[in-house]
Amino acid sequence: MDAAAGGGECHAAQVVGADGEMDGAAMERFAAAAGLPSRGLSYAVVSILGPQGSGKSTLLNHLFGTSFTEMDALKGRHQTTKGIWIAKAVGIEPFTVVLDLEGTDGRERGQDDTAFEKQSALFALAVSDIVIINLWCHDIGREHAANRPLLRTVFQVLMRLFSPRKTTLLLVVRDKTKTPLEFLTQALKEDIQKIWDSVQKPEAYKEAALSEFFNVEVTALSSYEEKEELFKEQVGQLRQRFYHSIAPGGLAADRRGVIPASGFCLSALQIWKVIRENKDLNLPAHKVMVATVRCEEIANEKLRHFLSDKGWLELDAAVKSGPVLSFGSRLRAILDSYLSEYDMETMYFDEGVRTAKRQQLESSMLDHTYPALETVIEHLHVVVLNKFKSDLDQSLRSREGFAAAVRQCAQAAIGEFDAGLRDAVVKHVEWDASKVRNKLQDHIQTHVESVRNAKLAELKANYEKLLSDGLAGPVQSLLETGERDSWACIRRLYRRETENAALAFLASLSEFDLDQTMSSKMVSDLREHARSVVEMKSREEAGNVLMRMKERFFTVLSRDRDSMPRTWTGDEDLRTITREARLAALRLMSVMAAIRLDDKPDKIDRALITALLDGGPFSQKRSVEFTYDPLASSTWEEVSPRDTLITPVQCKSIWRQFKAETEYAVAQAMSMQEAHRRSKNLLPPAWTILLLAILGYNEFMFLLRNPLYLLGLFVAFVLSYAIWLQYDITVYFRHGTVSALLTILSRLLPTIMEIITAIVNMSHSQKKHSANRSHHPPPIHAQIFKNQTWGQGQVQYESPDSPSSSSSSVDSNNNGDES
């Protein structure tokens with residue numbers, strides 16, 4: 001059995017018994033042993049018809065190397081082959097299945113012979129590619145011996161098969177006589193044509209020619225018994241015609257209706273079953289079955305070829321790496337080629353079956369291409385979306401309106417996407433583009449929302465910065481002034497800047513096509529931002545209120561109404577000035593105590609003056625409108641907690657700290673006034689000066705008569721004046737007369753020596769300068785050295801007891817130098 005499968009001899013098997021029953025198991029065993037199921041479509045089926053005892057089995061054994069049982073002529077002529085036998089041809093390609101049918105016109109069956117003849121003959125025509133009709137040469141022209149009634153019946157039934165498969169009828173003339181083969185061939189073809197013309201045909205094939213269903217071939221063989229060697233030679237020549245019988249132009253004629261080898265056994269079993277069950281031999285059910293099997297096989301084959309198609313594989317690989325132009329047309333061409341091949345190979349099968357299988361094939365191929373199509377659409381989606389983003393960005397950079405730019409770019413993107421879909425989708429698919437288009441529109445809308453939000457955020461930030469720049473600085477400046485109308489000015493500024501910004505912002509929002517609710521909310525948020533800027537700046541300044549109050553106090557205290565520094569001569573009303581300075585500081589705190597962006601009046605200013613400046617809560621001067629301590633609370637009347645910057649309790653605490661830190665400045669001013677009064681009392685009274693002049697007349701005349709004394713007095717005056725300029729004598733005497741005299745005497749001699757040294761150095765420098773004047777001007781470093789020498793000759797004095805005396809001494813020395 002294994003040898004047979006490999007191409008060696010395989011013993012014949014009976015598949016239809018003498019009782020007319022087919023043995024399906026025997027056929028399956030034969031097919032498995034011969035290796036038939038793996039042959040696909042590369043096989044041929046040959047059967048033989050002829051009278052009983054005409055040498056059919058002998059012919060097949062010599063022609064195909066089979067082992068059918070042959071009749072032994074020595075034992076008499078009798079029926080040898082019963083039923084239908086099957087075998088595999090040896091040494092012939094393609095794989096050839098040989099059917100040996102029971103002979104016709106046999107005496108053993110009697111009346112049942114004609115029924116079985118029709119059944120077996122029709123079976124042979126239904127399953128075979130080549131039907132050999134074995135004829136004795138001397139029976140040509142006879143009615144029954146030449147199987148004319150049998151052929152007439154078979155031809156008539158064949159018209160009802162609805163399966164116009166072309167079969168080769170090979171008429172083998174046995175025991176050829178001297179009659180030329182040409183004449184025999186002509187006679188046989190004329191007989192078969194007459195049989196064809198005489199049969200009743202269905203309307204669809206009424207005008208059909210014999211050649212549409214049969215290829216008629218005629219050959220002749222010499223007598224096997226009389227010319228055995230010649231017979232074998234002729235059989236060998238005939239055998240060559242069976243090589244490559246299924247190739248184009250081969251003996252196997254039309255292969256369009258061939259059943260795959262794996263379904264041959266099932267097909268043969270079903271055909272025989274239908275033939276046996278239908279006495280009129282009508283085979284429409286088998287036609288559908290054969291069409292189903294064959295069309296499905298062809299469809300599977302085309303699908304396999306498509307999946308391994310080089311063009312499709314290259315297209316699929318290209319899709320995975322990026323966008324592919326003309327994907328739909330290229331894929332459509334590939335699909336159409338395989339569908340066209342399917343149509344050509346199934347054109348003679350049942351229309352309903354082949355159409356259904358074609359749809360299945362098309363669906364299967366599209367199922368395999370769908371991932372690639374999805375990838376193409378994803379690439380298209382990404383490309384179109386990125387182009388939309390780029391176009392939108394470019395349009396916005398060109399200052400085009402946002403809404404107009406979005407509409408224009410979105411329409412262009414959807415149009416490009418639709419064009420890409422038409423290019424990508426094949427005609428075989430009823431593609432619903434609404435989902436992928438809606439997905440793209442959703443992504444476009446998401447990007448538009450993102451860009452719109454970013455643009456709106458940027459626009460809002462710009463206007464908020466504009467408001468911050470327009471409000472922060474002016475609000476700070478107005479709060480620092482601390483005037484009564486500061487908040488009125490802030491309100492006017494706030495309303496003007498806010499309204500201008502809101503109108504401009506609303507005009508800018510018009511290009512975004514926002515709904516009224518969103519536009520109103522954004523404008524409201526901008527107004528709220530303006531208020532928050534004012535509030536933030538107010539709270540920031542309120543945090544520095546103590547510093548601002550001290551600055552205001554010191555400014556009013558130390559400068560007059562012309563902003564000139566005050567000189568405390570003792571004639572100023574220090575109490576009034578101090579009150580004015582404190583009142584200015586208090587008004588500043590009143591301004592910073594609360595936010596007054598509304599026009600509601602409040603009593604903060606009056607409450608602070610009454611409680612803190614008019615003698616405190618127990619003062620008799622307190623206004624009658626306050627019957628209690630107005631600062632003994634954590635809230636202000638008529639001021640909401642949100643607008644409160646400094647609570648009354650905090651104001652009280654800040655005022656205490658303010659007074660503590662400014663008391664020293666007031667005390668210092670008072671000390672300066674007292675010192676100025678004392679300095680004016682150093683000169684003696686006028687009457688004392690007059691009395692000295694009268695009593696000292698003689699001494700004055702004595703000095704005039706003696707110039708040396710006068711010169712000595714002048715030198716003493718110069719020294720005294722120099723010492724006066726060097727030291728602040730007044731400051732020394734503030735600490736006591738004895739202490740001042742001791743200090744002066746201890747420093748007198750060193751000072752005199754330094755002055756004399758400086759005078760000598762100046763005289764020496766003057767002479768040297770006069771000697772060199774005629775040659776060149778003195779160098780710059782000499783003048784610098786002179787100034788340094790003069791500066792080193794001066795003595796700076798700092799009182800260890802009074803810090804303020806140092807500055808006074810330095811100021812007086814500087815004044816002396818200037819003089």
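Cβ atoms are placed via backbone N, Cα and C, with glycine included.
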Among ranges 122-141, 682-701, whichever one TrEMBL labels transmembrane segment: 682-701
Cβ neighbours within the same chain of S54 (GTP binding site) - under 8 Å, at least six residues apart: G103, N134, L135, W136, R174
Number of Cβ atoms other than its own within 10 Å, given for S57 (GTP binding site): 22
Across the domain 'GB1/RHD3-type G' (40-255), average pLDDT on the 0 to 100 scale: 80
List of residues, in chain order, with Cβ under 8 A from that of K56 (GTP binding site) and at least 6 apart: I48, L49, G50, T81, D100, L101, G103, I132, N134
